[in-house]
Structure formats: C-alpha cells, structure tokens
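Lifted from Swiss-Prot, the feature list:
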COMPBIAS  509-519  compositional bias 'Acidic residues'
COMPBIAS  520-529  compositional bias 'Low complexity'
CARBOHYD  N357  N-linked glycosylation site
TOPO_DOM  31-58  topological domain 'Extracellular'
TOPO_DOM  109-112  topological domain 'Extracellular'
TOPO_DOM  166-179  topological domain 'Extracellular'
TOPO_DOM  286-301  topological domain 'Extracellular'
TOPO_DOM  350-363  topological domain 'Extracellular'
TOPO_DOM  426-432  topological domain 'Extracellular'
TRANSMEM  10-30  transmembrane segment
TRANSMEM  59-79  transmembrane segment
TRANSMEM  88-108  transmembrane segment
TRANSMEM  113-133  transmembrane segment
TRANSMEM  145-165  transmembrane segment
TRANSMEM  180-200  transmembrane segment
TRANSMEM  267-285  transmembrane segment
TRANSMEM  302-322  transmembrane segment
TRANSMEM  329-349  transmembrane segment
TRANSMEM  364-384  transmembrane segment
TRANSMEM  405-425  transmembrane segment
TRANSMEM  433-453  transmembrane segment
Amino acid sequence: MGKNLTIVMLVFVSMAGWMFGADTGSIGGITNMRDFQSRFADRYNPVTDSYSYSSARQGLITGMVNVGSFFGCFLSSPLMDRIGKRTSIMFWTIVYLIGIILQVTAVPSWVQIMVAKIWTGLSIGALSVLAPGFQSEVAPADLRGTIVTTYQLAVTGGIFIAACINMGTHKLHKTAQWRVSMGINLLWGIITFIGISFLPESPRYLISVGRDEEALQIMAKNNDLPIEHEVIQTEYHVIKSDCEAELAGGPATWPEIFGPDIRYRTFLGLGVMSLQQLTGDNYYFYYGFEVFEGTGMNSPYLSALILDAVNFGCTFGGLFVLEFFGRRMPLIIGALWQSITFFIYAAVGNRALTRKNGTSNHRAGAVMIVFSCLFIFSFAQTWGPAAYVIVGESYPIRYRSKCAAVATTGNWLWGFLISFFTPFITNSIGFKYGYIFAACNLCAACIIFLFAHETKGLTLEEINELYISGAKPWMPRPKNLGNFTKQQEEVREKSRGVQGESAAHLENVDGEEGIEDSSNDISSTTSSDGRAKPESSYHDQEEQFA
C-alpha cells in the first residue's frame, strides 16, 4: 500500500506543476499564430500582410499570469491552514479550469485574454506553494528531494508537451490554431482533480489540528507497517512534540515571519525563488520563438521544441542529483555553469550573429542554440527543482504556509518583471541582455554559498534544528543532528524481516524504549516553553542576511 500511495502522490500532486508548465510552454507559440495575431495584435503591416505586437501588449499578454500567481501565493496560505493542503489543491484546480475556459472562449478583445491569464495565475501561484509543500510533508526524509523534484519534472513535461501541441496546431485554420492548444489544458486540470481526490491528507497537518488517529493510519500505510510498530510510533511522537512546541504560541501572523525567530529562512526562501527566475530560464521559455527566429533558424517552432525537450529530459537527472549530491553544491556549480553559458551566448549574439550586410550568420546562431541547451542542461537538474525543494523543507510547521507563500511570490514577481520588460530590453540592447543574466547567476552562486544549509537526508524537524543551531552554512554539519534519522534507519533494517507478519507477533519492547529515548532527546533540546534550545544565537547570522 505504501509504494502505491507514493506513486500516486508523485503522479497526481506533481500534475499541479504540469498545469503550470503547459500554460508557460504554450503562450510563446500561441502569440505567434496567425489567427491569434489577427485578433489580439495591435499592429498590422499591409506590405508584408503580417501582424505584430507593441512591446507593452506582448508583455502584458505573456506576463499577466505571473501577476495572478503573485496574489495566488498569498491567498493559498489562509485556505490551506483552514482546510488542509489536499482539499486546497482540489479547490485551486477548479479555479484553474475556470481560467482555461475563459481563455478558450475569448472574444476578439485582448483584455479578456489578459484577465483570463490573471485568473489562471491565481491557481498556478497557489498550487506552486501547495504541491511542493504537500510532497515535502508526506515524503520520507531519504526520498524527499527526489519526490519534490517530480514537481519541476512535471513543469518541464508540461512545457514540452505544450510545445509539441503548438507544433501540430499552428498550421490549422482559424481559431483552432490556438484554441486547441489552450483547450487541451482542461485535460490536465481534470486529471489532477480526480487524482488528488484519492490522496490522503498530510500527516503533519492532521497532527497539527488534533486528528492524530487519522495521521497514524496514513503514516502506517505510507510505510507498509502496522500503527503499533516502533518506526511509526517514534516518528509520530517526534512530529507530535514538534507540532506542540511550535504551535504553543498560536497561529503565526504575517509580521512574525519577519521576526528574529524565522526571518533568516524567510529571506533565504524569497531569495532562492527570486534567483530561480533571475537565472534567465524564462527568457528562453517565454520568448524562445523570438530568440530562435532572431538567430535565423527556418523553423523557430522546431528550435523551441528542441530546447523544451532538452529541458524535460535533463530534469530526470535532477531526480538523482539532489539526493546524491545534496542541495548546496548542485546550486553553486549550476549557477557558475549557467553564468558561463549566458556570457558566451550573449557575446556570440552581440558580436557574430549579424553580418555587416545585415544577414544572419547561421553558424553563430547554431552556437547560440548549443549554449542555450547547455544552460538548460544545468538549470533543469539544479535550480529548476532545487529551489522548490529548499522552500518545501526549510520552515517549521507553525510558519510553513506563510513563509512558503512569501518565498514563492518572489518567483512570480520576477517572472512578471522579466516577461513584461524583456521585449523593451531586447529592442534596446538585443543579445547583450544575456550579460545581465550571467551576472545574476554569479550572484546566485555567492548567496547559496553564504546562506543556504545542506539539508540532504534530514527530517523536517532536524532541518529546523540545523537552522536554529547557528552553524555556518559552509562549515560541517553539527554532529548532534541526524540521530533521529539514523535511529529510524536502524529500526527499519530490523523491521524488514517482520513486515509481512501480523502485528500481534511484533515485539514492541524495544520500540517503547526507542520512543522514550527519542522523547528524552527532544526534551534535552527544548526549553520550558516547549521551544527548541539554540546551541548559540543565530540572530547575528539573520542580521547578516537581512
């Protein structure tokens, strides 16, 4: 039962990312379809019989989904605290379906497209907080990175399939060109809604609202063990103790997430999600058609499809990279790699792409596409998935929904700014734009080195202890962390030979001792008010980051 639940979670929770990717991947091609342009573009050239957009209109049509997503992040927090993540995902999926219907039924007014994009963005923003958070809470510590990475894998899968659909529909007649491409997104929303309806709620959420019996049943099913087993009981008591300590002060308020107890991680998450956009990935995904058309390629649709295929294929590597190499080093090395690729891309585009006679140098264009793919090769395995992993696992349960919402707004805010202003910037400085992204990637590498801890293999409770400890991110992890994880692994090894037996035949004496020992460990690291004792003050570290 446990393996089946994990597979279902991977498929259906990650479908929220697929919905986002499908919208992102389709809009670049749709805005260049003849029928769509004839209805929504604001410029017409009778000599060439062609349509085009002003920079402002193109930026608004492409970027307003990010504005909706920005507000969707904030709206997700109070709802998930009240009804849980699972039900919230179902609610926002319905909002997404309504948004797609508004897009497909648009009349010849670009304003309806813009409003529909904002509405759709509300759901995409909320789901970008809910889905990785749900996966982080349900997944076992040793698989959490892989499971959360499937969200980004689904995003890239949605982008790739949307590019394939655009490739097949752009030669259709009239509104079918773009309405089929938009309308197919209804299918992804329906699949997500049906799949999520069969999933259990997060055990941590259930424990936090006093539904302990339900939480125990779900934890037992997830691990293929009876409720009485020492692994389940040990994990339950640790989560229960952690929830009681964190919730002792009542629900967190918005000002509290910027207070001394948590602001370091609030700004870290905000920074990581902002930098994910500032790496420059959506420069290719939103405007890939225009980018490759500018290199002189005969079929920009095909060129964009190749880039999306590289993105999707390389994200599979991220499933293993983050578990084998952790979070810090892939992010640092990835940012440095991406900086180099953008620098070369910009240099070739600026100096070699256009000949003196005004024609395109196709060899230079090919080099630019190669380095675009090399950028995606890195991003898809590092910054694409790792940013969601860090945000999903960094916050205590009392602050988690609000901190994750604030962090994710950074992604959507910069997504809008990049998508809206890119037409203006490229019209002004052309491919020199790449130098800006090269510099941003260098900054990203420095920020990760200075402020992000390595959290590979730790439970969510241990990650909280790590940040409280005051340890420097670039120093070795404190030795007193990881005891609970090691204890779990030892118990799991012993339990493999008895998983198929009846619970009546299990010996729980050692389990009770394990629980008592775990409780003692917890009490030794908590103060009289139930909060964790820091080994040293970390306020100085927070002030440095803030």
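Backbone N, Cα and C define each Cβ position, glycine as well.
Keep in mind the model is a prediction, meaning the values are calculated, not measured.
A coil conformation is recorded for the residue listed as 'N-linked glycosylation site' in the three-state DSSP classification, outside any helix or strand.
Contact between the transmembrane segment (302-322) and the transmembrane segment (145-165) is supported: at least 3 Cβ pairs lie under 8 Å, counting only residues 6 or more apart in sequence. Across the topological domain 'Extracellular' (166-179), mean pLDDT in this model comes to 89. Among the listed stretches 10-30, 267-285, 364-384, 405-425, the one sharing the most Cβ pairs under 8 Å with the transmembrane segment (145-165) is 10-30.
Around the Cβ of N357 (N-linked glycosylation site), 5 further Cβ atoms fall within 10 Å across all displayed protein chains. Contact between the transmembrane segment (88-108) and the transmembrane segment (364-384) is not supported, since fewer than 3 Cβ pairs fall under 8 Å when only residues 6 or more apart in sequence are counted. Within the chain carrying the transmembrane segment (10-30), a Cβ under 8 angstroms from the stretch's Cβ atoms is held by residues 36, 61-62, 65, 89, 93, 96, 120, 123-124, 127-128, 130-131, 134-135, 147, 150-163, 165-167, 170, 178, 181-182, 184-185, 188-189, 191-192, 195-196, 198-199, 282, 285-290, 301, 304, 308, all 6 or more beyond its ends. Between the transmembrane segment (267-285) and the stretches 59-79, 364-384, 405-425, it is 405-425 that has the most C-beta pairs under 8 angstroms. Most Cβ pairs under 8 Å with the transmembrane segment (113-133) belong to 59-79, among the candidate stretches 59-79, 364-384, 405-425. Remark: secondary structure over the topological domain 'Extracellular' (109-112) totals 3 helix, 0 strand, 1 coil, with classes taken from DSSP.
Same-chain residues lying 6 or more positions outside the topological domain 'Extracellular' (31-58) and placing a CB less than 8 Å from one of its CB atoms are 108-110, 113, 166, 169-170, 173-175, 177-178, 289, 300, 423-424, 427.
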